[in-house]
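First comes the structure, then the notes that go with it.
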Amino acid sequence: MQENQQITKKEQYNLNKLQKRLRRNVGEAIADFNMIEEGDRIMVCLSGGKDSYTMLEILRNLQQSAPINFSLVAVNLDQKQPGFPEHVLPEYLEKLGVEYKIVEENTYGIVKEKIPEGKTTCSLCSRLRRGILYRTATELGATKIALGHHRDDILQTLFLNMFYGGKMKGMPPKLMSDDGKHIVIRPLAYCREKDIQRFADAKAFPIIPCNLCGSQPNLQRQVIADMLRDWDKRYPGRIETMFSAMQNVVPSHLCDTNLFDFKGITHGSEVVNGGDLAFDREEIPLQPAGWQPEEDENQLDELRLNVVEVK
């Protein structure tokens, strides 16, 4: 009996550490990009996946201790996909006491009608979903729209655009919506997917499958995701360093004439960012920038349902 109690305490301790890290990551992202302001009404887009559940949970937790006042309203889009469990999210949100709205739109039927069998439906589905969410945000009086993309999603998008699109473009933590009327935020921008997965497993969120529409996963994105996971295992700290690089861009040492006036460089111009170091040996640190020792993976994997909330 005493041994079981010790295991439970250990599980609780490890979950507390994990939740504190997620809280810290989200808090830093909110502060760095001024994502949430006094009086904001945040529309939390809840898909039923691990990312959006975690986002809602951490935002609720931060709401209790934040120095500013803001409100949350969870929104789910029921796209009428076959087999969608309509009861799951309402039951979960009512149990939490969270304000919510379920928007019912048969986008599944529209996509099936417009897209030939065997072709990917994701692009049209995404456009339809985006428009509905923008409209819903206006109806609810939301000042911000929160999406559940995390650090791994952002890096994957960067490499997708580099490898297949020929441009250095990622996924911004904060942006103006397509219609120019809403501010979209990504509070999980600094969070690692593996932390989110462990947290979701420990909390036993009622996950809704993301493939109900029958669409196949994006093969190109999957290749990139596998590549990043392999790097993360073989080269500790590489992922952190790459993400740090996205926050430390030096336009004068790239090739985009729209970002830097290369034509304006003439005799007598000032040295910019150290000038040309091409002939100098690069000083590479022994450990990648942004790297921190990984916590005991076995301890974090022991997380179960016996949890205590971090206030």
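Positions of Cβ are set from backbone N, Cα and C atoms, glycine also.
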- prompt: Given 5-10, 47-52, which one carries Swiss-Prot's motif 'PP-loop motif' label?
  reply: 47-52
Task: Report the mean pLDDT of the predicted model across the motif 'PP-loop motif' (47-52), rounded to a whole number.
output: 96
The motif 'PP-loop motif' (47-52): DSSP-derived helix, strand, coil residue counts: 3 helix, 0 strand, 3 coil
Statement: If you count the other CB atoms within 10 A of the CB of C125 ([4Fe-4S] cluster binding site), including all protein chains displayed, you should get 20
